[in-house]
Amino acid sequence: MRRTGLCVHPLDQFHIWFTWAHNAGLAEPNAMVLATVEADAGVRARTVLLKGYDRFGLRFFTNYGSRKGRALDADPAASAVLPWHPIRRQVIIGGSVERLSAEESDAYFRTRPRGSQIGAWASEHQSSVVADRAALDEGYARAERRWAGVEEVPRPPYWGGYRLRPTEVEFWQGRRDRMHDRFRYVLESGSPADGTWRIDRLEP
């Protein structure tokens, strides 16, 4: 990798790498590890699916009342890692999270398979303790009955999207002898979409 070969904006560079990962046939190249801050438990991480991106940031969806949803509402600081090990690349994105508009969340929810839409209604209290599998299945059956005959299942009010607005993005490319290439974009001024980004090469 060379500094002169990088895009000026990190999300433009991300698009090139994400397309490469997708075309390489990786299983779920949109799987990213999202780390959040919890007041009583420190940092916690889990895998979520990236559902879209542009210069404004990365979009993902979840239950607002889930553990990660509650953490993000209390402290919007977050970091995500997309580890593409088979092609020896990874991207780390740090910044803050904001909720998407209801219109954006509705638009995405309409694209989901009906079974997944029903599942969102069946799992209203995501991350809470449940007695057993039978209780989960009964919850799904109730949701199925509720929306039987309804052509378009609406989005639950407790479910929607977030946008991770980057202030720092690092691209890592593995190389032999551990002399990896690492470039970090840092937002120096303005907004993520049209602000000024500085690019630094980092030691491996």
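The first residue you see is number 1, and the count goes up from there.
Including glycine, each Cβ sits where the backbone N, Cα and C put it.
All annotation found in TrEMBL is predicted automatically rather than curated by experts.
Here's what TrEMBL has on this protein:
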DOMAIN    21-136  domain 'Pyridoxamine 5'-phosphate oxidase N-terminal'
BINDING   46-51, 61-62, 67-68, GLN90, 126-127, TRP172, ARG182  FMN binding site
BINDING   LYS51, TYR108, ARG112, SER116, ARG178, MET179, HIS180  substrate binding site
DOMAIN    159-204  domain 'Pyridoxine 5'-phosphate oxidase dimerisation C-terminal'
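Feature map: TrEMBL annotations on the structure.
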residue: ARG46; record: FMN binding site; Cβ contacts under 8 Å, 6 or more apart: VAL33, LEU34, LYS68
residue: LEU50; record: FMN binding site; Cβ contacts under 8 Å, 6 or more apart: ASN30, ALA31, MET32, LEU58, ARG59, PHE60, ALA80, LEU82
residue: LYS51; record: substrate binding site; Cβ contacts under 8 Å, 6 or more apart: ASN30, ARG59, PHE60, PHE61, TYR108, GLY161
residue: ARG67; record: FMN binding site; Cβ contacts under 8 Å, 6 or more apart: GLU38, ARG44, GLN126, SER127
residue: ARG112; record: substrate binding site; Cβ contacts under 8 Å, 6 or more apart: ALA120
residue: ARG178; record: substrate binding site; Cβ contacts under 8 Å, 6 or more apart: PRO204
residue: ARG182; record: FMN binding site; Cβ contacts under 8 Å, 6 or more apart: GLU170, PHE171, TRP172, GLN173, ARG201, LEU202, GLU203, PRO204
Pairwise Cα distance for MET179 (substrate binding site)/GLN90 (FMN binding site) [Å, integer]: 15
Neighbouring C-beta atoms (10 Å sphere around the C-beta of SER127 (FMN binding site)): 14
HIS180 (substrate binding site) in three-state DSSP notation: coil
Substrate binding residues LYS51, TYR108, ARG112, SER116, ARG178, MET179, HIS180: largest Cα-Cα distance, in Å and rounded to whole number: 44
DSSP three-state assignment for SER116 (substrate binding site): helix
Collapsed DSSP category at LEU50 (FMN binding site): coil
GLN90 (FMN binding site) versus HIS180 (substrate binding site) - Cα distance in angstrom: 11
Cβ atoms near HIS180 (substrate binding site) (within 10 Å, other residues, all chains): 17
For the binding-site residues VAL48, MET179, the one whose C-beta sees the most other C-beta atoms within 10 angstroms: VAL48
Tally of DSSP helical, extended and coil residues in the domain 'Pyridoxamine 5'-phosphate oxidase N-terminal' (21-136): 35 helix, 45 strand, 36 coil
Cβ neighbour count (within 10 Å, all chains shown) around GLN90 (FMN binding site): 20
Rounded inter-Cα distance in Å - SER116 (substrate binding site), GLN90 (FMN binding site): 29
Entry from the binding-site residues list PHE61, TYR108 having the most other CB atoms no farther than 10 A: PHE61
